[in-house]
Amino acid sequence: MRTHPDFPNLFILDHPLIQHKLSHMRDRQRSTMGFRQLLKEIALLMGYEITRDLPLTTEAIETPLCTMDAPVIEGKKLAIVPILRAGLIMAEGLLELVPAAREGHIGLYRDHDTKMPVEYLVKLPDPAGRRFILVDPMLATGNSAVHAVDVLNRNGVLDAQIRFMALVAAPEGVRTFHAAHPTVPVFTAGLDSHLNPNAYIVPGLGDAGDRLFGTK
């Protein structure tokens, strides 16, 4: 994992396995099934880093030889919140890593004319004492990510409780996001070159939602 000189609160997960799988996802010939499976695998691998600083507690257990106070994390103190619909598959990967975590949902779609997010669903677990991992494959303009964090704030979640995880990010999106929420760390597998006039990340991987679900 490395940082970026222009974005001090951006963390790029450059593990070889993550980069290898991301390259396969970028390939336009990748099938829907293959694209979906790769995203789930990358999310699980990214989850290892994004949960690195989860606090541990102890639990008394019995091994075959003795009793001990064993270090454990409290999965119920973690909430995974995908931005629908594309974030759902990333959430699946994270839930394999921490199956006891709670799951919320924020439904947004991007207006094709204004490029701004439109909200249609919000379902969240109790925020008290809980860390929230907000997930979306693409951090493009940054507008949806900012809106989603605003939704969490509106429901009692502080910026200090939030981590944002994206498969691929554009510099424009990172700037927009951190202009609004400078203390929320962003974790990504790839910081790409730029946005094109249609607000797609270049080189990117196309429309993640359409490629995940086989729609147009």
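Placement of Cβ uses the backbone N, Cα and C atoms for every residue, glycine included.
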Which of D6, D14, D207 belongs with R85, R110, D136, P137, M138, L139, A140, T141, G142, N143, S144 in the 5-phospho-alpha-D-ribose 1-diphosphate site listed by Swiss-Prot: D207
Residue among binding-site residues I201, D207, A208 with Cα closest to the Cα of G142 (5-phospho-alpha-D-ribose 1-diphosphate binding site): I201
Cβ-based neighbourhood (8 Å from the centroid) of the uracil site, residues I201, G206, D207, A208 excluded: P137, M138, Y200, G204, L205, G209, D210, R211
Candidate with the highest Cβ count within 10 Å, taken from the binding-site residues G142, G206: G142
Which binding-site residues sit within 10 Å of A140 (5-phospho-alpha-D-ribose 1-diphosphate binding site) - Cα, from G206, D207, A208: none
